[in-house]
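For reference, the structure is listed below as structure tokens.
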Amino acid sequence: MGEENHTFVPEFIFLGLSQDLQTQILLFILFLIIYLLTVLGNLLIIILIFMDSRLHTPMYFFLRNLSFADLCFSTSIVPQVLAHFLVKRKTISFFGCMTQIIVFLLVGCTECALLAVMSYDRYVAVCKPLRYSSIMTQQVCLQLAVGSWASGALVSLVDTTFTFQLPYQGQNIINHYFCEPPALLKLASADTYKTEMAIFAMGVAILLAPVSLILVSYWNIISTVIQMQSGEGRLKAFSTCGSHLIVVVLFYGSGIFAYMRPNSKTPKEQDKMVSVFYTVVTPMLNPIIYSLRNKEVKGALRKLAGRKSFSRRP
């Protein structure tokens, strides 16, 4: 009898993205390609920024943090999903699930804060160019980065604590492909209202507050750019901000859809698709968006490639 009174089940079973074997093999190949591109792309951004002194600026300091967060974000989920495509019974231990949620929320929420910080950096660069170096000092950049990681840690701690203080007895089948609070709450054998409200409140703090800062920053940026006399100046300002804005729309759009609406007890397949977008696709797109639209990153890449070819000569 004592065994049945546990407040948690020993493991959870995922239904995954598909039950069809052929579909799972195709998804394995697709997810593996995406994951390899994510790792290579983000590692390349980190190495380029570290090695090229021209990229030792506030914008690239924050981009390096974002790339590191993307690496951790994707690695906390995708390798397990890849392994699950190859097995029939997709399980994770209770504590494994808890660890995955802690890491996923920590780096995911840090990304939210970093994107807001990057929008402020672009605002200062475009709207206050003469004061840029005096405002965005090395110390300020470090404080903003530390603040981003600290806010991610706080949200992760609150959401994880509220999610796992609920009892999970009996029901242990998650209609999802990884441990995510909204999917996990559907299995709780107690009222989840307080936990849902806590997660919603954290969502307001880490999703809507940064979005507000981003909107204000870009309103000021657009107003300043419109008033510029030089067409070349306008183009340069829009190109430096364009990459960041694309990433913001992709990441926040899917994040807000997942966390800023009532948690229905009925699982929906579209919830999984939205999760795939911000956990698998966006971390791969970030380095591509930033490198393809950025002359400085392209220049650093050519410089690095030139060094390698020169070092290979006899």
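Just so you know, glycine gets a Cβ as well, placed from its N, Cα and C.
Heads up, TrEMBL stuff is auto-annotated, nobody curated it.
Per TrEMBL, the feature domain 'G-protein coupled receptors family 1 profile' maps to 41-290.
Marked as transmembrane segment by TrEMBL: 25-50 (among others).
Taken from TrEMBL, the feature transmembrane segment applies to 62-86 (among others).
Marked as transmembrane segment by TrEMBL: 92-120 (among others).
Positions annotated as transmembrane segment by TrEMBL: 140-158 (among others). Counting same-chain residues at least six beyond the ends of the transmembrane segment (140-158), those with a Cβ under 8 angstroms from any Cβ of the stretch are 58, 61-62, 65, 101-103, 105-114, 117, 120, 198, 202, 205-206.
Sequence annotations record features per position, and here TrEMBL assigns transmembrane segment to 197-221 (among others).
Annotated transmembrane segment per TrEMBL: 242-261 (among others), in sequence order.
The transmembrane segment annotation in TrEMBL covers 273-292 (among others).
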With an 8 Å cut-off on Cβ pairs and a sequence gap of 6 or more, do the transmembrane segment (92-120) and the transmembrane segment (25-50) reach 3 or more such pairs? no
Could you give the mean pLDDT over the domain 'G-protein coupled receptors family 1 profile' (41-290), rounded to a whole number? 86
So what's near the transmembrane segment (242-261) in sequence-distant terms, Cβ-Cβ under 8 Å and 6+ beyond its ends? 108, 111-112, 115, 118-119, 122, 180, 182, 199-200, 203-204, 207-208, 210-211, 214, 218, 271, 274-275, 277-278, 281-282, 285-286, 289-290, 293-294
